[in-house]
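In what follows, a structure is listed as structure tokens, so that the remarks can point back to it.
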Amino acid sequence: MTRAPRCPAVRSLLRSRYREVWPLATFVRRLGPEGRRLVQPGDPKIYRTLVAQCLVCMHWGSQPPPADLSFHQVSSLKELVARVVQRLCERNERNVLAFGFELLNEARGGPPMAFTSSVRSYLPNTVIETLRVSGAWMLLLSRVGDDLLVYLLAHCALYLLVPPSCAYQVCGSPLYQICATTDIWPSVSASYRPTRPVGRNFTNLRFLQQIKSSSRQEAPKPLALPSRGTKRHLSLTSTSVPSAKKARCYPVPRVEEGPHRQVLPTPSGKSWVPSPARSPEVPTAEKDLSSKGKVSDLSLSGSVCCKHKPSSTSLLSPPRQNAFQLRPFIETRHFLYSRGDGQERLNPSFLLSNLQPNLTGARRLVEIIFLGSRPRTSGPLCRTHRLSRRYWQMRPLFQQLLVNHAECQYVRLLRSHCRFRTANQQVTDALNTSPPHLMDLLRLHSSPWQVYGFLRACLCKVVSASLWGTRHNERRFFKNLKKFISLGKYGKLSLQELMWKMKVEDCHWLRSSPGKDRVPAAEHRLRERILATFLFWLMDTYVVQLLRSFFYITESTFQKNRLFFYRKSVWSKLQSIGVRQHLERVRLRELSQEEVRHHQDTWLAMPICRLRFIPKPNGLRPIVNMSYSMGTRALGRRKQAQHFTQRLKTLFSMLNYERTKHPHLMGSSVLGMNDIYRTWRAFVLRVRALDQTPRMYFVKADVTGAYDAIPQGKLVEVVANMIRHSESTYCIRQYAVVRRDSQGQVHKSFRRQVTTLSDLQPYMGQFLKHLQDSDASALRNSVVIEQSISMNESSSSLFDFFLHFLRHSVVKIGDRCYTQCQGIPQGSSLSTLLCSLCFGDMENKLFAEVQRDGLLLRFVDDFLLVTPHLDQAKTFLSTLVHGVPEYGCMINLQKTVVNFPVEPGTLGGAAPYQLPAHCLFPWCGLLLDTQTLEVFCDYSGYAQTSIKTSLTFQSVFKAGKTMRNKLLSVLRLKCHGLFLDLQVNSLQTVCINIYKIFLLQAYRFHACVIQLPFDQRVRKNLTFFLGIISSQASCCYAILKVKNPGMTLKASGSFPPEAAHWLCYQAFLLKLAAHSVIYKCLLGPLRTAQKLLCRKLPEATMTILKAAADPALSTDFQTILD
């Protein structure tokens, strides 16, 4: 029998999503009579391959095979497949086998599919076509019979393995829609076996005590809100405060997919109804509540939570039934980019302003916060439900909150706490809207401390002391408030952190009846949830609405993800200057109301792009965001938007296909670090193969306003020559890819491939084999699900859509709409590709000779020329300085850099910035040695920036594991072959690059440590943090070996693994010693380990390492803020 492909990662992924996974032969043998063999001597190879590669997966809760199973064939394969497809369509089941088929109706007529009465095909399905005509499947039908094959196709999921490491789905619910059982109700096993973390290496830390298992700190625990009486000793990555009592283990339910849920048996004989999906919730020590807590009356509002009714058929509720379904994070993105007219006032939609300060308004507020009611601004009054006693008693407190809000003078508090930090005359000049005062206006942003003072003052005025309960609770909330507004663009504050150390029993308004000193555990947990709901609303609604009412909050181009708070009065003036400058620079034509209405009513309506600005050091940068204005007939507009997006993705895929097939169309364009590495490596090896290395002349140039200056006529000409030269017909295949990473997280992506009919791989097996042969990593350890395939997309229709996209793009600036008359519409995936194609055509016509014996690179609009001919370098520079109006190409001399002298008269009186002949030449984040052609990384972009705000780090759930994985993932990105290739760089250069990578990792390590929640300290888990540091060296050394195959690097080589560990420890010692109060316990073990490594390393290697770690080479890091 043909040996089955191993594909262990694919099999593991399927086992995590299905109840049972069997090879086809094993599955049939279990059902058939003894002695029946699916594969017999003399069977054709294609059939034996099918049986070996086919996996049968059983869903949770799927029905068993028929009791009277027959192994006789009655129907032909085409008839059987048609019967299964008709049954799936009639039941409206989501099945891969039925993709592209639908039932006939009056609106969609046409001939039915063969052997069916009411099913038509509207898109080809290659899986069906394979089944209908395959001789292997016909032989399989003759061996297993109609009944079993129908059962396999209709009730199971079949997968075919494609060597070496992927598979595709034949039938069953799409894998990307199936959740793992652990995603429904996570269970904690009574005992779990600790495993050694990946990449952890303690061979150089032998002085440490024997580590039993540091992964025990990573083990999952029941989610619990901190409460009084609970010890505060948390493991580093614990998701909660460990309970004093032993966690109760619940059985894991069997999850059934589909619209109808059934009561499924559990191993204990009990039953319950599975929940369709898991929703985030308030973490509690125990999730079920007694009827005394009146859980059925509770539901948090809006996006915070949803309401679940208990099942009447279940005697034992699962641990997450009837629990509060809270969104566990408050995100900073909710208060970014607020719109308004520039007036500093509460928004008309501000919740508290729409409620009367009386008991009726208080009741409405209680319902909105705690009972899930939505704010009602107009319309008839709905029937009100009777409040329980607990919530009825809350009304006076929330009435007082409404009264305090009505009396609070927000504008006066704003002016008091967020004053401008300059002299009055400077402020008066700055508030002028003329462009010369733009820089003064940019400095008038409020600091996070000023914003915190304003918010604190508002909360002190509005929220009474009775709602806080104690000053301790108030201080805890203000501490979290300060942290919240100091987060970066992608920052999140978790509900667990918000409730950390809150004293629930001091909030008497949570009680349903007064005077009880001792309360049941269920009642205490209910009070915890109510308090969590209130604090979540206070931060996520009240504070966020205050910020959106009085500030415009945005990131900048020079401070990574750090947020800047501009008062609305300041930002309105900044925006008016930015709009004026943008209209002067870009050719736009204003549209009338009738034109806008006509544009929106068109079926292929372009999305209306909104223009916003972000600060940069010397002005404002316009950013175009593509969004859809729904307005009336929202459903129709949404369909228009989806249709337009699909066409845009098809056009993008088609241009990428032509670009790959004809690489010369892109000229010298590079699309990323991999392209730069491939091109630069080939150039360096070619130069070093010469008898004598010539002197190289470097030119760096940046095109001014590339996207806005390209003439649309020239762009149409370039694209027309690209896609209309052969009037091709394209085939578009859309498919999904599901894979699981090394941490066990399942990722899904949706892709499309465009080819011509001549290049089409019609069947999935051929298609996946072709993709794996062309790129071994493209589908590694993945499962592919084909969604659709279209074979009639003409190049002329795509070109017409391109013209529509180019000439009908609409930008909304303020309340006015404009259409772009010149340049490339921004905000879409096409913008960069179109710009590269246009400049590539220019290079092919003007700079073909310049690249002789040299190298021309361009990353979008940043040129780099390296040539041994001085006259060619001067010609190239002169051409760009004088401009190429035909392509809208004009460079910015202030950003132009050369390493040779240029006479001022030759360039019209101006001269570019000149560097020495031998220097480190900067280009696109790289430093290129002009003499040796070695490559360093440019870290000057980190100057005066905060690593803490630039690093997106989710620090709540399994914080330690998340921290380790985050650092390792960033390290893998930074350890690029361009810096580690010993054929491009010398050993000394590679050591310098590795040391700087480790030094930046040390800064990231510190940024993660100071963000760890729940008062975590390094001294509480010393072994774990030492393991993280050691794993950085092990991971980097493993990447170094992969980037230098065939080279001797080990103990007898030029760079042993101890060298990587020494550089790593040296970098971390340099950074952590600056924060000795935090890392005092780490410094001693690191120094001891480094001394042990010095004894193992040869003297020559130590000399290279010490030279690489010279502080004079890493002065760029001294200006980093963290």
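Glycine too: its Cβ is placed from the backbone N, Cα and C atoms.
Here Swiss-Prot gives region 'Primer grip sequence' for one range in the set 563-567, 798-802, 923-927: that range is 923-927.
Between the stretches 332-337, 362-367, 506-511, 776-781, Swiss-Prot puts its motif 'TFLY' entry on 332-337. Record note: Swiss-Prot gives Asp861, Asp862 as Mg(2+)-binding, and the candidate from Asp702, Asp708, Asp741, Asp1015 in that site is Asp702.
Counting in whole angstrom, Asp862 (Mg(2+) binding site) lies 17 from Tyr697 (phosphotyrosine) by their C-alpha atoms. Of the candidate ranges 907-921, 923-927, 929-1122, 929-1122 has the most C-beta pairs within less than 8 angstroms of the region 'QFP motif' (381-511). According to DSSP, Ser447 (phosphoserine) is assigned to coil rather than to any helix or strand. Long-range contacts of the motif 'TFLY' (332-337) within its own chain (CB-CB distance under 8 A, at least 6 residues past either end) are made by residues 484, 487-492, 540, 544, 547-548, 551-554, 563, 612. Mapped onto three states, the DSSP output places Asp861 (Mg(2+) binding site) in coil.
Each of the binding-site residues Asp702, Asp861, Asp862 was ranked by the number of other C-beta atoms within 10 Å, and first place falls to Asp861. Here the Cα atom of Asp702 (Mg(2+) binding site) is found 34 Å from that of Ser447 (phosphoserine). Within 8 Å of the centroid of the Cβ atoms of Asp702, Asp861, Asp862, where the record puts Mg(2+), the same chain has further Cβ atoms from Ala701, Val703, Ala706, Arg858, Phe859, Val860, Phe863, Ile891, Lys895. Geometry remark: Tyr697 (phosphotyrosine) versus Asp861 (Mg(2+) binding site), CA distance 20 Å.
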